[in-house]
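According to TrEMBL:
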DOMAIN    1-272  domain 'Deacetylase sirtuin-type'
BINDING   68, 71  substrate binding site
BINDING   101, 102, 103, 104, 210, 211, 212, 236, 237, 238, 254  NAD(+) binding site
ACT_SITE  119  active site, proton acceptor
BINDING   127, 130, 170, 173  Zn(2+) binding site
REGION    146-171  region 'Disordered'
COMPBIAS  156-167  compositional bias 'Basic and acidic residues'
REGION    252-279  region 'Disordered'
COMPBIAS  263-279  compositional bias 'Basic and acidic residues'
């Protein structure tokens with residue numbers, strides 16, 4: 001991988017504040033299907049675009065809940081890749097902010113505190129009526145699978161039709177609990193973009209990892225850094241809409257590039273405390 005020359009390695013080594021913007025390509029390296037591929041197998045008769053809407057929830061909350069629960073269980077059968085782990089280790093050497101478009105929890109399970117999930121999370125839940133949060137620990141299957149020592153979740157039994165599960169009931173108002181993901185036509189989580197923009201503005205280095213650069217407002221975040229003269233490094237096997245705005249490009253996947261970009265273990269600099277996660 002010739003892209004990682006001495007100049008780029010020194011840039012990574014000297015940066016005291018790093019902001020990572022991650023997209024679907026990073027999770028795909030762990031085996032997470034992209035959103036467009038999330039309607040497969042038993043769910044092939046529904047398109048993701050049909051299920052990820054408030055209208056679909058209103059029409060059939062059990063169907064939508066079951067699809068998201070199926071996706072969450074898929075993710076819990078997977079493990080963070082070397083790129084996720086490298087970002088987590090980097091926080092021992094610098095102040096690292098992680099901003100992700102992904103709805104999985106692979107960054108967290110690798111050990112990173114995620115500053116913002118721009119599109120929400122498969123593992124956060126709220127009442128569709130009053131908006132009250134609903135803790136994952138009340139969904140014992142998912143909570144148990146989140147433990148680092150837990151074995152991969154078992155494959156679901158073969159069926160001709162997907163199973164239907166009733167959404168949990170909100171203890172505050174009795175409404176149906178929904179996944180706290182961003183559906184088509186909905187606003188992004190409150191404060192998420194503001195936190196992300198602030199992290200980009202204060203960074204000495206911005207890494208754009210595995211994202212196409214086509215979805216707003218996430219696609220505009222690297223432009224904030226570029227406008228401030230902050231180095232932007234794109235890590236992606238292919239050119240993207242963000243490539244013209246990157247100072248450097250690394251044509252490789254996250255699992256290959258990030259461990260090599262990580263400052264060596266003996267180059268320990270005093271790091272600020274780890275940034276606070278969403279909230």
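Cβ coordinates are placed from backbone N, Cα and C, and glycine is handled just like the others.
What TrEMBL says about a protein is an automatic prediction, not a curated fact.
Structure with TrEMBL features highlighted.
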residue: 101; record: NAD(+) binding site; Cβ contacts under 8 Å, 6 or more apart: 21, 22, 23, 24, 118, 119, 211, 215, 218
residue: 103; record: NAD(+) binding site; Cβ contacts under 8 Å, 6 or more apart: 117, 119, 120, 121, 122, 181
residue: 127; record: Zn(2+) binding site; Cβ contacts under 8 Å, 6 or more apart: 133, 134, 170, 172, 173, 175, 176, 177, 178
residue: 130; record: Zn(2+) binding site; Cβ contacts under 8 Å, 6 or more apart: 170, 172, 173, 175
residue: 210; record: NAD(+) binding site; Cβ contacts under 8 Å, 6 or more apart: 22, 23, 24, 25, 26, 27, 28, 29, 235, 236, 253, 254
residue: 212; record: NAD(+) binding site; Cβ contacts under 8 Å, 6 or more apart: 23, 24, 25, 240, 241
residue: 237; record: NAD(+) binding site; Cβ contacts under 8 Å, 6 or more apart: 25, 251, 252, 253
Fewest-neighbour residue among binding-site residues, criterion Cβ within 10 Å, set 170, 173, 254: 173
Packing count at residue 68 (substrate binding site) (other Cβ atoms within 10 Å of its Cβ): 22
Other C-beta atoms that fall within 10 angstroms of the C-beta of the residue listed as 'active site, proton acceptor': 20
All-chain count of other Cβ atoms within 10 Å of residue 71 (substrate binding site): 23
Cβ-centroid neighbours of Zn(2+) site 127, 130, 170, 173, 8 Å, sequence order: 128, 129, 131, 132, 171, 172, 174, 175, 177
Mapped DSSP class for residue 254 (NAD(+) binding site), helix or strand or coil: helix
